[in-house]
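Trainee: Below is the structure I would like to discuss, written out as structure tokens.
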DNA sequence: ATGCCGTATGATATACGA
């Protein structure tokens with residue numbers, strides 16, 4: 001099973017890119033973030049034409065929004081409200097093999113990494129704390145969970161182009177890294193991307209629009225993630241960050257990530 | 001760290017991204 005996750009920065013503006021990516025990579029399940037569209041305006045038909053018979057979407061006007069498109073059926077679907085805001089940042093589905101998939105869009109957090117002056121940063125930390133509490137409460141050794149999405153934190157030193165220069169930049173501050181570490185600990189999550197590409201090799205999934213010549217400068221950050229619980233670790237087969245779509249005309253600032261699983265032995 | 005780009009909106013400037 002091939003699983004892909006991508007912050008598309010507007011699904012309508014990026015529809016042709018999504019169609020090209022899906023045609024080339026053929027994910028069985030595609031998780032999107034920042035769809036920026038209400039459910040009634042979502043181009044569902046385009047995804048049906050690509051072969052995705054099953055989907056869940058949770059969107060709103062202008063901001064945020066997540067979606068899961070799948071060739072495999074769901075046995076359950078869910079969308080949880082975080083921090084008391086129904087701002088469309090989460091979807092969950094269960095597959096028929098019992099695997100539970102969560103798609104998150106964690107708040108970006110604004111510019112200033114100080115909760116006393118920046119409510120967005122406070123929201124981001126609170127959101128991560130709620131994730132920790134929620135997964136800790138549901139913790140069980142045999143839970144088969146996958147967590148993907150734009151988590152808006154680059155936790156490791158080699159997840160950013162320059163660790164020292166980004167220590168005070170939102171996405172790589174110690175307090176965010178600490179909050180992310182607590183989510184990891186909530187369910188002994190395994191970082192599937194680093195499972196295949198260990199430190200210290202740099203690994204990025206996002207490059208700012210403002211930096212010209214993104215590929216040559218390569219001032220990236222790893223803001224997008226794929227995690228699995230220990231019960232699913234034996235089924236991990238490969239991982240790829242697809243850089244090509246970041247170079248297409250009028251791209252998303254995020255690159256899509258694909259992870260292959262072999263669930264044939266899963267009971 | 002700045003850069004000064006991109007998307008969306010009852011828009012022609014502003015919020016937001018990170």
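Backbone N, Cα and C define each Cβ position, glycine as well.
Bear in mind that TrEMBL entries carry predicted annotations, made automatically and left uncurated.
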Trainee: For the Mg(2+) site that TrEMBL assigns to A:7, A:150, A:152, A:253, A:254, which of the candidates A:34, A:126, A:176 is also assigned?
Mentor: A:34
Trainee: Given residue A:7 (Mg(2+) binding site) and residue A:224 (site 'Important for catalytic activity'), what distance in Å do their CA atoms have, once rounded to a whole number?
Mentor: 8
Trainee: By CA distance, which of the recorded positions (A:34, A:105, A:150, A:254) lies nearest to residue A:224 (site 'Important for catalytic activity')?
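Mentor: Comparing Cα positions, the closest of these recorded positions turns out to be A:150.
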Trainee: So which one is it: of the recorded positions A:34, A:150, A:224, A:253, which has the fewest other Cβ atoms within 10 Å?
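Mentor: Minimum Cβ neighbour count within 10 Å, taken over the recorded positions A:34, A:150, A:224, A:253, occurs at A:253.
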Trainee: If I take the Cα of residue A:105 (active site) as reference, which of the recorded positions A:34, A:150, A:152, A:253, A:254 has the closest Cα?
Mentor: A:150
